[in-house]
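Novice: If you look up TrEMBL, you'll see HIS391 marked as active site, proton acceptor. For 49-67, 612-621, 643-660, the entry in TrEMBL reads compositional bias 'Low complexity'. Here TrEMBL flags 85-743 as domain 'Choline/carnitine acyltransferase'. As annotated by TrEMBL, region 'Disordered' applies to 1-71, 425-444, 612-660, 795-825.
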Amino acid sequence: MTVRFFTMPKPLGETLAEDAKSKNPELPNGISEVKGTPPSAMAGAEDANPNSNSKPKFNSDPNSNPPQTIHRGITFANQDSLPKLPIPDLESTCNRYLECLAPLQSPREQEETRAAVHEFLRADGPELQNKLKNYATSKSSYIEQFWYDSYLNYDNPVVLNLNPFFLLEDDPTPSRNNQVTRAASLVVSALSFVRAVRREELAPDTVRGKPLCMFQYLRLFGTARVPTENGCIIGQDSAAKHMVVLCRGQFYWFDVLDENNDLLMSERDISLNLQVIIEDAEQTPIQEAAKGALGVLSTENRKIWSGLRDILTKDRGSNNAECLNIVDTALFVLCLDSTEPSNTAELCANMLCGTNEVVKGVQIGTCTNRWYDKLQIIVCKNGSAGINFEHTGVDGHTVLRFASDVYTDTILRFARSINGQAPSLWATTSPPPSKRSPESFASNVSTTPHKLEWDMGPELSIALRFAESHLADLLHQHEFQVLDFNGYGKNFITSMGFSPDAFVQMAFQAAYYGLYGRVENTYEPAMTKFFLHGRTEAVRTVSHESVEFVRTFWDERPAAEKVAALRKATEKHTAITKICSQGKGQDRHLYALYCLWQRSFDDGPGIISSGPSSANGYSSPVKNGSNVDPSSPLPAQGPATVSRPSSPSDDGISSSYSTSSSRNIRLQQLAHTPALFNDAGWDKINNTILSTSNCGNPSLRHFGFGPTSGDGFGIGYIIKDDSISICASSKHRQTTRFIQSLEAYLYEIRKLLRSTRRRSVVPSSVRERQMDAEARSASPAVMLGERVKGKGRMVKVDPQLVVGGGRGAETPTTDSGDADDGMGG
């Protein structure tokens, strides 16, 4: 067996002290620290052979590689010219904070928050702002390190809580949608993408001609989230050449790239390997294989998983340590599932968390056929495919480019097999593997599949059983529903003069208000990759204008008045999003100040030692036991605890002093909490009920993630030309009913828009006339309170029996008349 030793990089946390880089955090036994290498070293043949005895190089510190070192190709050509993410003016940030909180608060709560903000601006705020400015002078981004820490300090399972998923469209050629052919095709395209990144031939991302930061692409492959006793760290083998295949919970690997990052195998060769792997995996009865499906351990709480990894690696060079090392250093993991989900909701659930199927007390679902600490490509037995990704180092926009290019290349490559003149997605391609002599490969390259055989002692077997039971609980607690809305999409929305994203965001608020009679804190990420090492900013979509709209919509108002309110709300949403995309939002700025306050307090004399605390000195971003927003690192809890990483607490990240002296310190800390962070408004803004994200293009069928709070919804959506795809998840909420309310709203608002437009304009475009005809011929759908007049027996009610004698909730539009588009029956 060829062994690649995976050496832990230093944790991503940094101290603010100038000498922090010289103080190494404590690492697990047997692990030494390796300094990172410049990103450009990933591109050329001068990289150390990953199959040699030398240890792989790592690139783990986000600020260790100055962008000016990247000059080898086009991919990073714009890095030098990208500006840093600006630190907003403190008073402007506080004003935006008050503005986004006000619609969610009562008048009394607003007054209390205004007083807290005023005190913050008078006392602690300016000092923290100055500290942040000083801190940022030596950083690529003032928020980046805090962002990493917020993810890596998270102790709960990453499945359903952190990792999002993409569901790809089927291959347009039906014959290529069997599992092996689809998987091999996706793998070849994925490896071509890896090659383009490493050779820096991948065209840079741009929006309206403006370049975006490409740094995240360096973190996409050969990367693993590794739990330690002090929180997680990110390790990366920048010279990884092999992939891992999971089939029925069993692990296989083989080499796929050479030292020049060229492909070693053709699609046919990879197909043969995958077929061999499937046949070999089927030799082991599935219930027997399930007892050794170690992938389920990656779904455990991170502290537990850290302890189990210590068991696996306690003997350096042991079989288990070597097997784990091969998984950690793989380019990515390919999961070959034995299931064939019967509907889209089941498909989405399978891509997010796998299936739950217990037979004779043994879990045989696909939930155990995963490794959540890495990028995963998942292919079902019927060829349906998707991606599940570890979110710490990359955002949806980056993985979307990967998914889109991979999907596109599978089509173009098949076209070239028919017509050699068909275009290629890549600037250059690998030499045809069929024309290469095996003797040209390095002596230790192996393209033959190898099965990883784990040594399952009693301790691991028991841990695996408990981990599966915990995972099954999680799966039972969550519900997933999808809406493939085909009534209209971007074309219709823009023809009515609305921003598609703002339009759909108002639909979420209106649908929720229609069920519960109130608005709740709603989150949407705005990309900030116009800036160096940019990630996202939080768009708080509830505004005074959106609240006024949903109330108007559900009231008996004229259609024109409802449409006018919608227009004001969408315009406000667009304005907020623009501010956030410019790096002028309030959430990330306040979170950085929060982290600096916590750090300055933790590093105070007599409270906690500096140095090792750099790795995980910031508190976990969420309350213990709750979910976390996959795009927002803001803490959901109140003031941070005083901690020292050398003695982890029950959450596996930090521990509070247990002596009476420590309790006094804790009280002292509470007494010194800046007013803004001690106010109830801080908790409210960090408890997201509707966590939403718009991410997609024609290569995706759906996209989604788990809810980010115990009483919230996770909503991923894709706005297509003539349809809208929505995947909603929740924990013990009425997900199906919410989706139904959302669908009914989308039809109702279309009726209102047509009603107001027909009074002045007759639909003139071919598409509009076609949609009118389709709507009139479509089957009746249940509308928001819509009634079939004259149908049924009239029931007379004694007026004295009617409580309050008033009218109840009615349809939002009772004056339908000519506006009825035929969808309401």
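Here the Cβ of each residue, glycine as well, is placed from N, Cα and C on the backbone.
Mind mapping these onto the model and telling me what they sit next to?
Specialist: Counted within 10 Å of its Cβ, the other Cβ atoms near HIS391 (active site, proton acceptor) come to 20, all protein chains included.
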Novice: I need to check the long-range neighbours of the region 'Disordered' (425-444): which residues 6 or more away from its ends have a CB within less than 8 Å of a CB in the stretch?
Specialist: 2, 49, 51-52, 74, 192, 195-196, 199, 201, 203, 258-259, 262-266, 269, 405, 408-409, 412
Novice: When the pLDDT values for the domain 'Choline/carnitine acyltransferase' (85-743) are averaged, what is the result?
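Specialist: Mean model confidence (pLDDT) across the domain 'Choline/carnitine acyltransferase' (85-743) is 90.
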Novice: For the region 'Disordered' (425-444), what are the DSSP-based totals of helix, strand and coil residues?
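Specialist: Taking the region 'Disordered' (425-444) as a whole: 6 helix, 0 strand, 14 coil.
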Novice: According to DSSP, which of helix, strand or coil covers HIS391 (active site, proton acceptor)?
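Specialist: Reduced to three states, the DSSP call for HIS391 (active site, proton acceptor) is coil.
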